[in-house]
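Listed features, source TrEMBL:
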COMPBIAS  A:101-128  compositional bias 'Basic and acidic residues'
COMPBIAS  A:137-154  compositional bias 'Acidic residues'
DOMAIN    A:20-203  domain 'Response regulatory'
DOMAIN    A:157-216  domain 'HTH myb-type'
MOD_RES   A:ASP71  4-aspartylphosphate
REGION    A:99-159  region 'Disordered'
Amino acid sequence: MTVEQGIGDSSIEKFPIGMRVLAVDDDPTCLLLLETLLRRCQYNVTTTSQATTALRMLRENKNKFDLVISDVHMPDMDGFKLLELVGLEMDLPVISKPKTLHMEKEDNKDRNSLDNRDKPDEGPDQKLNKKRKDQNGDEDEDPDEDEDEHENEDPTTQKKPRVVWSVELHRKFVAAVNILGIDKVVPKKILDLMNAEKLTRENVASHLQAYILTSPSIIENELFFFIHESNYTVVIAEI
DNA sequence: ATCCGAATAT
DNA sequence: AATATTCGGA
């Protein structure tokens with residue numbers, strides 16, 4: 001309880017928000033998932049399903065991308081060629097998905113944290129200070145809601161009470177998100193799973209937006225897992 | 001016609 | 001800062 005004061009002056013580590021990423025994969029599902037993940041990291045994402053298109057884009061805008069993530073075998077071009085050319089011509093960091101690569105690294109350090117992703121707290125290069133103030137001094141787990149003590153309202157002024165995301169409600173939310181999985185998580189589905197009467201889809205959408213923006217590590221971890229589970233490998237890293 | 005996601009407003 | 005609302009686009 002020593003360090004509970006605001007770290008106001010130190011700007012939280014902004015990490016490359018808006019980094020321009022080109023994602024290439026001929027499998028539409030893969031591409032979409034990748035795009036979604038990257039978007040949620042607040043990257044600036046461009047996608048294409050064709051290697052030739054990717055190459056053309058990269059050649060036409062030599063400084064328009066910061067990173068390339070690509071599958072390797074695509075019908076129109078050998079993905080390696082793309083990677084080679086990109087690496088040689090523009091010296092961009094490239095993450096590829098090599099299935100024919102020999103230097104493949106199979107690490108199964110898979111800990112079963114499958115349903116335990118509600119603690120956004122770590123990450124290899126995360127410097128974000130997530131301090132959770134213990135606000136549960138006198139408030140225990142009481143799922144009772146609606147402590148509206150307002151009986152003093154005139155009928156002419158209808159007030160729509162703002163939704164308050166209590167710890168309990170947020171737990172439901174997080175649970176729903178974890179059930180859905182990162183690629184399925186959309187407001188409507190969350191709403192259904194939560195089964196909270198007074199909530200609207202907009203409420204959930206709004207919260208989802210805030211929640212995701214404040215917890216980039218969650219998405220990063222998902223992206224990290226995705227990349228690793230798919231045996232992506234960093235081929236060239238130089239920036 | 002629905003609903004998502006980013007931006008913007010309160 | 002937290003939540004709502006708007007809005008363009010899929």
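Positions of Cβ are set from backbone N, Cα and C atoms, glycine also.
TrEMBL does not curate its annotations; it predicts them automatically.
Quantities reported herein were computed from a predicted structural model and do not represent experimental measurements.
The local packing around the residue listed as '4-aspartylphosphate', expressed as other Cβ atoms within 10 Å of its Cβ over all shown chains, amounts to 23. Under DSSP, the residues of the domain 'HTH myb-type' (A:157-216) split into helix, strand and coil as follows: 37 helix, 0 strand, 23 coil.
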